[in-house]
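Features reported for this protein in TrEMBL:
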type     : residues : note
DOMAIN   : 11-133   : domain 'SpaO N-terminal'
DOMAIN   : 148-209  : domain 'SpaO FliM/N C-terminal related'
REGION   : 209-279  : region 'Disordered'
COMPBIAS : 216-245  : compositional bias 'Acidic residues'
COMPBIAS : 262-276  : compositional bias 'Basic and acidic residues'
DOMAIN   : 283-350  : domain 'Flagellar motor switch protein FliN-like C-terminal'
Amino acid sequence: MNCLKLPLLSEIKERRLETFWRAEGVPVSISSPDAFSELLFFTADESWQGVMNLGEWFSHVAPEMSGLSNQMYNNLQLKQLFSATERPVDLPPKSLSYKKLRLQALPDHSVFEKPLLCLETSQGALWITKLPEMEIPRPSLPKKLNLSILPIPLTFEIGVSQLSLGLLKKISVGDILLISQLTDRVSTAGIGIGCYQKNEGKIMIEKRDEEYDKNLEEDEYEDEYEDEYEDEDEDEDEEQNEHEDEEHQKDQENDDGDDAGNENKVHEHHPKDQKKSSSLCAQVPVTLTFILQKNKVTVEKLEKIYEGEVIPLEPSIEERIEIRANNVRIARGKLLGMENGALGVELTQLYQSKT
C-alpha cells in the first residue's frame, strides 16, 4: 500500500467541486500561483481561503493607475487598498460569497507547490487554498444500473440436523436421516431471504421481516443413528482405552530394559496416537442441510415472486433431495414422512469426497 499514490479526501473534494462549478458555468481551472511574486493571501469570513497576485489585482481594479511608475505607490499601500475596498473581488459561485476578506500572512511556499482550483474573476485569477464547507452535489449519472437482469440463485431448504463426524462416517445407502429442525427457508449466497410453502406442485415465497435463521438455535440435534450407535461407541472407547493402557505398560517395560548407553534412541509415532486423534475427531459436530430444490431467477423475477408469482416444483423432486454437510454435498435421497409426523430422507446416493 505504501507504494501506491492514493488520492486524498481533499483532492477528491476539489475534483468534485471543479466538476460542479464547470456545470454551473463558472470559469475554473487547475494551476499554481507564482510563489515568488507579490501575493495577497486572505480568509473569507473565517471560512474559505484564497490567494491572488497583487499586481494583477491592481491592474484590473485601477487600470489607469497601474501604468504609473512604481515609485508612485508601494505594495503596502496596495494591500491597504485591498483591505479598504468593500468588495475587492467579484465571485460568481454562491459557495464563495463573503462579507469581508481579511488579509493574512503568507503561508509556507509548499502550499503553492501543488495544483489548486483557480477561478477567473473580474479582478484576476484567484486560487483556492482552503475549500469552503459545503455539500457538493454529486454529478447526475447519465444512466442508472439495470439490475433487473442480475441473476439470483435461490436455495429451498427443508431443514437441518446435526450429526457427529464419527456417526456421519457410518452412513450408507438405504439409511434414513431424520430432519431434526424444519426451516422451509429460502436463501441466496447462504443468506436467508424468506420462507416458502408448497402447494399442488408449486412453491410460493414469503418475505420475512426479520432474518430468519442467521443464527440458528443451538439445540442438541439427535438423529436415529445416535440412538443406534451410542452404546457401540461407548464400548469401542472402553476397549480402546484398555488397549492403550496395555501398550503403554509394555512400552514402559521395554524402556527399562534398554541399554543405558543408547542415548540416540529414535521415538516412533505409534498407531495408538492416530487412534486417539481419530477418537477426538469423531466427536466433532457436523451440520446437515436438506435441500429440496435450487433455482436461478433474475431480480425482476424475484420481485414478481414476492408479489405472489409461484415457482413450479421439479418433477419427482422429493426423490432427489440433496444433503449437504457443512455446505458440501455428500448425498441424495428420497423424502419420507415418519409415523410421528417428522420428516426423514432415505439415502439413495453417496458422493465421494475429492482428494
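Cβ coordinates come from backbone N, Cα and C, glycine included.
Broken down by DSSP into helix, strand and coil, the domain 'SpaO FliM/N C-terminal related' (148-209) contains 4 helix, 40 strand, 18 coil.
DSSP assignment over the domain 'SpaO N-terminal' (11-133) gives 45 helix, 31 strand, 47 coil.
For the domain 'Flagellar motor switch protein FliN-like C-terminal' (283-350), the model gives a mean pLDDT of 95.
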